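Visitor: Questions regarding the structure given below will be posed in turn.
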Amino acid sequence: MSFFNISRRFYSQIVKKSVKIKRMSVEDIKKARAAVPFNREQLESVLRGRFFYAPAFDLYGGVSGLYDYGPPGCAFQNNIIDAWRKHFILEEDMLEVDCTMLTPYEVLKTSGHVDKFSDWMCRDLKTGEIFRADHLVEEVLEARLKGDQEARGLVEDANAAAKDDAEKKKRKKKVKQIKAVKLDDDVVKEYEEILAKIDGYSGPELGELMEKYDIGNPVTGETLESPRAFNLMFETAIGPSGQLKGYLRPETAQGQFLNFNKLLEFNNSKTPFASASIGKSFRNEISPRAGLLRVREFLMAEIEHFVDPLDKSHPKFNEIKDIKLSFLPRDVQEAGSTEPIVKTVGEAVASRMVDNETLGYFIARIYQFLMKIGVDESKLRFRQHMANEMAHYAADCWDGELKTSYGWIECVGCADRSAYDLTVHSKKTKEKLVVRQKLDNPIEVTKWEIDLTKKLFGPKFRKDAPKVESHLLNMSQDDLASKAELLKANGKFTIKVDGVDGEVELDDKLVKIEQRTKVEHVREYVPSVIEPSFGIGRIIYSVFEHSFWNRPEDNARSVLSFPPLVAPTKVLLVPLSNHKDLVPVTTEVAKILRKSQIPFKIDDSGVSIGKRYARNDELGTPFGVTIDFESAKDHSVTLRERDSTKQVRGSVENVIKAIRDITYNGASWEEGTKDLTPFIAQAEAEAETD
């Protein structure tokens, strides 16, 4: 009997045993994922064991909020960024820029970040321990609700649950003993309403909650100082003199705004248009926690869509208007509820729950992107910011929030920044950041205008004359109208000018303000900005959780069910053994995969195929290609699908085509493998003829 016949018989015996393994349908997979409860510790063990990421500077004890990505984590992040770039930049014809991370003080002072980019912190005056106020209130009230549940007999041991939760969250502080105390129903309702709105409280309001509900140091019970603002930006000095103060950027947006005129010119002065930027940003978090979810250095992908403030329609809105999403609008939250409303995007915009078509369009596109990269649709909602929760620059904002074992996490923001940024930078630099639209039909426009008697400015205001003049020439129409009334009534008015001490008085000899009607052939306006902003690290971690499950037949066998598009490695190439006759085929298949630019790994270790597949299931590798002794004979290989463990067989060329179609062309497993032969049936037939 020839070597190949012996090998064939040997392989068939292996396959006969493998026939007993259940091949799973899509429904089977869903049931299997639901059958085994999610275990965060097990996920983190897999992620760190397979070096998706690890604490930075671990040998030196690490630094809270800083992480390094290993090879699979780096590849996964790159694949998500590549998908993002194609989904947004290429599809929407956006203009990509890469701006510096170092930002001068004046830029961020003008944008409002120096004064307003803060979280609320409170300090234990005895120990010096610092807490983030909203997190502290949330943690204490949640603990009291758990104690109430134990007192009512709804849970067996609230302390065990709390300790388990603290361990999972890797908190270094101890968990104060939770007392099983039954709360009044009204108090329970109050706590639940507070927790539903926890992101919307100001510092003074958090202080009032801490005082009202006797919230102090959760370990010692000591009273804490009142919450105070802590600016989250990392300060630095630019240059050797140390005179030029700067910051590591807290967002990529400012670089895009400051390059607006160049971008508009590059786009042949056509609007609307969008710029985009992908890069690192930095925030000096008060209490980094929850792994990749709250860190001090993170990757962002941001879009600035510049649009006419009088026309926020979108030409492609009809393409997405029928998409149904879960919305959590402001009024629902104000009522103390967290139950989302399911509506189509078209209905949300028509009812003005979502302000305009462009904002609605990008919310829908965010949804489509998140679905593409592996987010669980049932764990996605769009929550509207409360009025006092919005960033200082935002007119409206919706967060794409993903549910994880840590709760609902803000991963994407979609804000209408109105014309705030361009307006403040234009006012500060005296450089117009506007769109000039040629009008088909000239229009008559009546405006307030101010005339200055400049020859009197120098003697009266001396060195401050340029500042006063600049302030007057940049006054809004409303300001000019009010000053005109004062000038008419009193013959004078006063103003406050940046950089000038006290109030500046001007009379009718120095200025004249009147309405004038002109015919305009060009409309000049500051565009509004719709900004989708993605926290890539938070999205990555959420996809980790949404993709993780254990096989019901063996809970120790973990799987990361990444979509093939974003999986770090697409193919595990598995020679059946280290026999020299399999080397040429393995080399040939590797060469074709490399030429096809399909990321792969060869595992020719001596362990069983099952173990090799299992450890790559933990890496999220969607396909396994097995090279056996039949492959050496007829150049056919077996293709295995990760989640269902289904296997098919065909020529090397057809198998690689199937991998490419499923990974990059959006084909399903059934569509991609329709020309391949189910492996088990073939193997059984072979076994019977031997």
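Each residue's number is its place along the chain shown, starting with 1.
Positions of Cβ are set from backbone N, Cα and C atoms, glycine also.
Not measured: the values here are computed from a predicted model.
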Visitor: Which one of Ser25, Ser605, Ser651 shows up in Swiss-Prot with the note N-acetylserine?
Guide: Ser25
Visitor: Going by what Swiss-Prot says, which of Ser326, Ser528, Ser596 is noted as phosphoserine?
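Guide: Record annotation (Swiss-Prot, phosphoserine): Ser528.
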Visitor: Can you tell which of Ser64, Ser476, Ser561 Swiss-Prot marks as phosphoserine?
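Guide: My reading of Swiss-Prot gives Ser476.
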Visitor: Of Arg152, Arg523, Arg538, which does Swiss-Prot put in the ATP site with Arg283, Asn284, Glu285, Arg294, Val295, Glu410, Cys411?
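Guide: So the ATP site in Swiss-Prot includes Arg283, Asn284, Glu285, Arg294, Val295, Glu410, Cys411 plus, from the candidates Arg152, Arg523, Arg538, Arg538.
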Visitor: In Swiss-Prot, the residues Glu251, Glu531, Pro532, Ser533 are said to bind glycine. Which of Glu205, Glu297, Glu302, Glu588 is said to bind at that same site?
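Guide: It is Glu302, as the record lists it for that site.
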Visitor: If you run the three-state DSSP split on Pro532 (glycine binding site), which class comes out?
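Guide: For Pro532 (glycine binding site) - judged by DSSP and reduced to three states - the answer is strand.
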Visitor: Check the Cα distances from Ser533 (glycine binding site) to each of the recorded positions Ser25, Glu285, Val295, Cys411, Ser476 and keep only the ones within 10 Å.
Guide: Cys411
Visitor: Give the helix, strand or coil assignment DSSP yields for Cys411 (ATP binding site).
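Guide: Note: Cys411 (ATP binding site) is in a strand by DSSP.
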Visitor: State, in Å as a whole number, the widest CA to CA span among the glycine-binding residues Glu251, Glu302, Glu531, Pro532, Ser533 given in the record.
Guide: 12
Visitor: Any idea which of the recorded positions Ser25, Ser226, Asn284, Ser528, Ser533 has the thinnest Cβ neighbourhood at 10 Å?
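Guide: Each of the recorded positions Ser25, Ser226, Asn284, Ser528, Ser533 was scored by Cβ atoms within 10 Å; lowest is Ser25.
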Visitor: Taking only same-chain residues 6+ apart in sequence, whose CB is under 8 Å from that of Pro532 (glycine binding site), what do you get?
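Guide: Listed in sequence order, they are Phe88, Glu302, Ile303, His305, Phe362, Arg365, Ile366, Val412, Gly413, Cys414.
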